[in-house]
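J.: Quick paste from Swiss-Prot:
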DOMAIN    63-167  domain 'THUMP'
BINDING   L185, M186, K267, G289, Q298  ATP binding site
DISULFID  C346-C457  disulfide bond
DOMAIN    405-483  domain 'Rhodanese'
ACT_SITE  C457  active site, cysteine persulfide intermediate
Amino acid sequence: MKLIVKVFPEITIKSPPVRKKFIRQLGKNIRTVLRELDADIVVGGVWDNLEVETRLTDPKVLQGIRERLSCMPGIANFLQVAEYPLGDLDDVVAKCELHYADLLPGKMFSVRCKRAGRHDFSSMDVEKYVGSKLRMQCGAAGIELKKPDLVVRMEIRDQRLFVVHDQHQGMGGYPLGALEQTLVLMSGGFDSTVAAYQIMRRGLMAHFCFFNLGGRAHELGVMEVAHFIWKKYGSSQRVLFVSVPFEEVLGEILQKVDNSHMGVVLKRMMLRAASAVADRLEIDVLVTGEAISQVASQTLPNLSLIDAATDKLVLRPLVATHKQDIVDLATEIGTADFARHMPEYCGVISVNPKTNAKRNRVEYEEKQFDMAILEQALERAKLVSIDRVIDDLSRNVDIEEVSQALAGQVILDIRHPDAQEDQPLQVPGVEIQTLPFYALNSRFKALDDTRQYLLYCDKGVMSRLHAHHLLSEGHANVRVYRPS
């Protein structure tokens with residue numbers, strides 16, 4: 001399979017050195033991400049396009065390549081093509097006929113040709129000649145330039161002809177690694193996950209910073225969604241997941257700060273802590289998922305007060321986005337199900353919160369706060385490479401594993417729904433239920449507690465983690481299923 005990758009249009013208007021830098025970085029990213037699927041993948045480049053070629057023919061691998069390219073920042077779109085040496089125009093007709101003859105009968109169609117190099121014909125000459133011949137030879141209903149049923153696409157570059165099979169949409173944006181790094185404050189809800197995606201889509205590397213207010217289950221949930229976002233949209237770069245224990249900070253706020261100012265003070269403490277983490281990582285930009293007036297702490301006066309707690313630039317990609325649009329985008333990018341089952345703690349600590357907090361009052365409230373507690377939280381912060389975050393969580397987790405399921409037991413397939421659909425689990429004589437890992441903790445208590453459940457995932461890592469959590473919650477009817 002051969003693909004022609006079209007770069008983000010804004011890259012093409014950069015100066016030659018910058019343009020080369022960005023395209024070189026994009027090629028590097030493509031090799032990094034696709035090497036998992038094909039160790040011999042070939043990626044070559046020209047001035048405004050990259051060519052990707054694999055000799056593998058496994059449909060699942062080829063689909064995986066297309067899916068990964070469609071989720072890679074820096075790509076406007078990519079074409080699946082068949083390449084031939086350029087002959088005369090009759091030869092071009094013959095090559096197009098090979099690919100479109102079965103599709104054209106009864107269709108209104110057009111021909112589109114893009115050309116680069118020196119030739120004795122123009123792109124329009126090709127379109128007219130090929131269109132006329134295909135109409136006569138393939139039983140097409142006619143030619144329609146404005147709203148055709150089918151478009152015959154090709155590209156000619158010097159002495160190479162590319163007949164286009166299909167076109168796939170990319171994310172746009174700049175290649176990750178070509179621009180600056182950011183630190184995204186992650187709660188795991190709709191807003192923070194979509195904000196992280198928007199930043200990555202534009203081409204900024206996103207490290208993840210989580211303030212743990214809710215214990216192990218919340219931390220696990222945020223790690224899972226952060227890993228999902230990175231794996232799907234940013235795995236060309238290695239980034240960090242930072243977890244800061246904030247329970248004691250929250251406790252100090254609850255004890256010392258006036259109830260109506262708790263939300264603003266908590267956000268200011270988070271920005272202070274995030275700034276310290278960013279300094280450690282040499283990052284100048286923080287990212288949050290706040291939108292104007294979505295909650296009391298996000299009014300313009302309060303956002304201004306919150307920003308005053310740091311000298312870092314604070315980006316808010318969703319600042320003017322409606323909530324339903326955020327939810328819709330979360331559904332589109334795959335984080336909505338994670339968010340629906342994620343506990344949200346920041347919004348429940350204030351009663352009658354101030355929507356127009358005053359600086360002098362906020363500073364007075366913060367004087368009651370023991371800043372040593374914030375320093376201690378930062379000292380206990382954990383930094384883990386995002387690609388190892390789930391493995392590190394499962395380390396030293398001792399859970400009973402079984403290689404065979406018995407009659408009466410239930411296997412819970414906790415894989416992502418995509419994996420469940422692509423490779424359904426089948427164990428003769430044993431009941432299998434599907435319950436994605438991100439919904440397991442919230443829905444397990446509704447299951448029949450008289451039955452024994454065996455958690456299953458591909459590598460056993462997620463199943464061990466969730467089994468450990470369920471056991472710690474008092475559910476003794478949980479094991480891990482690891483077929484031999």
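Even glycines carry a Cβ here, placed using N, Cα and C.
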J.: Can you tell me which of the binding-site residues L185, M186, K267, G289, Q298 is spatially closest to C457 (disulfide bond)? Compare CA atoms only.
T.: M186
J.: Greatest CA-CA distance (Å) over the residues L185, M186, K267, G289, Q298 that the record ties to ATP?
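T.: Answer in Å: the longest Cα-Cα distance is 16.
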J.: Using a 10 Å radius around each Cβ and counting other Cβ atoms from all shown chains, which of the recorded positions L185, M186, C457 yields the largest count?
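T.: That would be M186, with the most Cβ atoms nearby.
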J.: Which of the three DSSP-derived classes (helix, strand, coil) applies to L185 (ATP binding site)?
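T.: Assignment for L185 (ATP binding site) reads strand.
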J.: Relative to the Cβ position of Q298 (ATP binding site), how many further Cβ atoms are located within 10 Å?
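T.: Excluding its own Cβ, Q298 (ATP binding site) sees 22 Cβ atoms within 10 Å.
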J.: In this predicted model, what is the average pLDDT of the domain 'Rhodanese' (405-483)?
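T.: A mean pLDDT of 87 is what the predicted model shows over the domain 'Rhodanese' (405-483).
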J.: With every protein chain in view, what's the tally of Cβ atoms within 10 Å of the Cβ of G289 (ATP binding site), excluding that atom itself?
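T.: Its Cβ shell of radius 10 Å holds 25 other Cβ atoms.
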J.: How many other Cβ atoms sit within 10 Å of the Cβ of K267 (ATP binding site)?
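T.: Total other Cβ atoms inside 10 Å, all chains included: 22.
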J.: Using DSSP reduced to three states, classify C457 (disulfide bond) as helix, strand or coil.
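T.: It is coil.
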